[in-house]
Amino acid sequence: MGKTAYTINGSINGRDEKKVRTDDKMATRLDGNDKQQQQEVSAFRRILPQILASTAKNFLLLDLGMAVAFPTIVIPALRGIKNRAPDEFLHFTPQQASWFGSIAYICQPVGSVLSGIILEPLGRKRSMILVNIPHIIGWFMLHFAGSLEEMYTAAILLGLGVGFMEAPIVTYVGEICQPSIRGILTSCAGVAVMLGFFMVYLLGTVTTWRTTAAICGVIPIATMIAICFVPETPMWLLSKNRADDALKSLQWLRGWVSPKAVEQEFQEMKRYSLHSAKCAICEKSGSTTTCQHPPLTEWTKLKELTRKRNLRPFVLVMLFFVFGQLSGLTGMRPYLVQIFQAYGVPLDANWATVSTGLLGLIANIVCMVSIKFVGKRRLAITSMAVTALSCISLSIYAFNTFPPGWTSFDNHPGTSHVTSMGYIPMVLFFLLAFFTSVGVLPVPWILLSEVFPFRNRSLACGITAALHYVMSFVTTKTYFNLESALSLPGVILFYGVMGMVGLAFVYFFLPETEKRTLEDIELYFSDNKRKLTDIYIPQRNRDEEMVAVVSKLAEKAMEKQGIDNAVFTEGDK
């Protein structure tokens with residue numbers, strides 16, 4: 001409406017104007033009563049179910065972290081570097097080790113794309129239950145593996161499972177959380193992943209890798225049980241025309257409240273769902289009715305991804321992923337034990353690796369606690385800067401300490417490279433591990449759950465995660481070749497330079513999405529006139545919406561008194 005009820009009735013006689021003011025007060029009082037009913041539910045009670053639902057989802061991420069970290073304890077054991085069991089009969093060459101450390105990554109894109117396709121018909125909850133099956137099989141195959149072929153097969157299953165997890169995980173948490181806590185709960189994902197890293201590193205230090213695999217196999221079983229107790233997302237239920245189920249889900253997620261307490265949020269969700277369900281033709285025409293065109297096919301959905309409002313967030317997140325992969329730690333992770341030995345750190349190489357896992361866990365907790373106050377953009381800029389400087393410093397130290405051509409894959413005789421200054425690279429590696437987990441790794445995953453339009457969110461998340469894992473495979477698989485060609489200090493210097501380029505990208509192009517609704521973010525990326533360097537996301541004017549609500553209530557009250565405003569309202573729409 002172009003005018004409010006106050007303006008419309010400003011030209012009528014004073015008696016009617018007085019009556020309108022009285023009715024406005026009554027409407028405002030009614031609206032105030034609704035607010036009071038919502039405030040009767042404590043903030044803790046509103047947040048608790050969202051925490052519980054996110055925690056159930058985080059069991060998946062715990063399993064994911066274990067799967068990604070597992071090669072780090074297997075490779076040194078089967079190459080005879082550390083913790084080789086006396087009765088172990090399997091052995092890795094450097095090339096076989098590089099394949100085992102990376103083969104899961106090349107399978108993850110297949111799982112990611114498939115998860116984006118099946119996510120819409122199955123729903124977020126069912127998808128999160130089914131993805132545990134390949135991991136249960138994979139973990140127990142590793143425990144009983146009798147050949148390298150069986151180990152590769154198990155790694156492929158773990159990779160497929162990790163890929164299947166991505167789309168349901170990132171869409172689920174983005175759709176169940178309120179904007180004020182969405183950043184915190186989304187960043188909990190990083191805590192769960194790093195907890196998985198830490199647990200595997202610790203178990204691999206105190207026991208054999210086979211026993212570690214058996215222990216890891218219990219996690220997906222517990223995950224399936226936990227997810228059975230959380231609801232499906234209201235947005236997905238609305239997209240399937242299950243409004244009653246969506247309302248019950250929202251009641252559960254907002255503190256097990258009555259329908260009245262979530263009525264306003266539910267109406268906004270319905271409006272957003274209706275808008276998201278429109279095809280491009282209805283959207284361009286500005287139609288206010290329900291879209292009557294046939295539903296989008298998978299091919300049409302793929303073509304829809306080429307629109308600017310999908311391409312802009314895709315390029316943003318994908319480049320962030322690329323620079324995050326090239327910041328150093330991802331490529332080195334499967335070989336951390338031998339890299340620590342090559343640098344001659346004063347701590348046992350296994351326990352140094354455990355320390356990086358613990359620091360990563362602490363860093364993700366810091367990210368979770370601070371993201372609401374600091375914002376994603378500042379976290380990303382700070383962490384990218386420190387990781388780049390850490391890699392450059394490590395390379396400078398190595399160039400001045402190591403013999404020419406030194407690599408971590410060669411067993412050089414003697415320890416002449418080891419100096420009393422070994423604590424310097426150890427501190428730099430710890431800084432690299434900490435700040436990688438503060439912002440470089442978690443922030444793009446948080447963005448992935450926010451930046452895509454609802455209509456294409458699941459497919460876009462699946463494709464983006466798939467390409468991320470392709471990049472992870474390339475980074476991990478080529479590490480051996482890069483180190484052989486450039487030497488250990490050379491490859492770390494390369495990572496440092498790429499980190500500096502990533503820092504410039506984040507500074508100029510990354511917008512701040514913290515405390516913005518999913519609709520605010522979607523409107524920002526849908527504005528084709530906006531420059532790429534315009535990184536401010538405006539918030540919708542809630543005050544104007546409240547005036548509109550009060551106006552409608554006032555009109556209804558006036559109609560009860562015999563005043564018909566239909567002619568005015570139709571003319572001002």
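Please read every residue number as a count from 1 along the shown chain.
Glycine too: its Cβ is placed from the backbone N, Cα and C atoms.
The average per-residue pLDDT of the prediction over the domain 'Major facilitator superfamily (MFS) profile' (51-514) is 85, rounded to a whole number. The domain 'Major facilitator superfamily (MFS) profile' annotation in TrEMBL covers 51-514.
Sequence annotations record features per position, and here TrEMBL assigns transmembrane segment to 59-78 (among others).
Residues or ranges marked as transmembrane segment by TrEMBL: 98-119 (among others).
If one looks beyond the transmembrane segment (128-145) by at least 6 residues along the same chain, the residues whose Cβ comes under 8 Å of a Cβ in the stretch are 57, 60, 63, 67, 70, 90, 115, 122, 151, 153-158, 160-161, 164-165, 168-169, 172, 209-211, 213-214, 216-217, 219-221, 223-224, 227-228. Feature annotation from TrEMBL assigns transmembrane segment to 128-145 (among others).
Under the heading transmembrane segment, TrEMBL lists 151-172 (among others).
Summarising the annotation, TrEMBL assigns transmembrane segment to 184-203 (among others).
Annotation comment: TrEMBL describes 209-230 (among others) as transmembrane segment.
Per TrEMBL, the feature transmembrane segment maps to 311-329 (among others). Through the fold, the transmembrane segment (311-329) approaches residues 305, 380, 384, 387-388, 390-391, 432-433, 436, 440-441, 443-444, 447-448, 451-452, 460, 463-464, 467-468, 471-472, 475, 492, 494-496, 498-499, 501-502, 505-506, 509-510, 525, 532 of its own chain, all at least 6 residues removed from its boundaries and within a Cβ separation under 8 Å.
Long-range contacts of the transmembrane segment (349-367) within the same chain, counting only residues at least 6 positions beyond its ends with a Cβ under 8 Å from a Cβ of the stretch, are 69, 72, 76, 82-83, 187, 190-191, 193-195, 197-202, 204-205, 336-338, 340-341, 379, 426, 429-430, 433-439, 442-443. Residues or ranges marked as transmembrane segment in TrEMBL: 349-367 (among others).
Here TrEMBL flags 379-402 (among others) as transmembrane segment.
Outside the transmembrane segment (422-447), and at least 6 residues removed from its termini, the chain residues within Cβ reach (under 8 Å) are 170, 183, 186-187, 189-190, 194, 313, 316-317, 320-321, 324, 327-330, 340, 343-347, 352, 355-356, 359-364, 366-367, 371, 376, 379-384, 386-387, 390-391, 393-394, 397-398, 468, 513. Annotation source TrEMBL lists transmembrane segment at 422-447 (among others).
Through the fold, the transmembrane segment (459-480) approaches residues 94-95, 97-99, 101-103, 105-106, 108-117, 119-120, 159, 162-163, 166-167, 170-171, 298, 301-302, 305, 310, 313-314, 317-318, 321-322, 325-326, 330-335, 409, 444, 448-449, 452, 491 of its own chain, all at least 6 residues removed from its boundaries and within a Cβ separation under 8 Å. Residues annotated as transmembrane segment in TrEMBL: 459-480 (among others).
Here TrEMBL flags 492-510 (among others) as transmembrane segment. Same-chain residues lying 6+ beyond the ends of the transmembrane segment (492-510) with a Cβ under 8 Å from its Cβ atoms: 316, 319-320, 322-324, 326-328, 331-332, 376-377, 380-381, 384-385, 387-395, 398-399, 482, 486, 532-533, 535.
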Practice problem: Give the one range among 59-78, 98-119, 209-230 whose Cβ atoms make the most pairs under 8 Å with those of the transmembrane segment (184-203). | Solution: 59-78
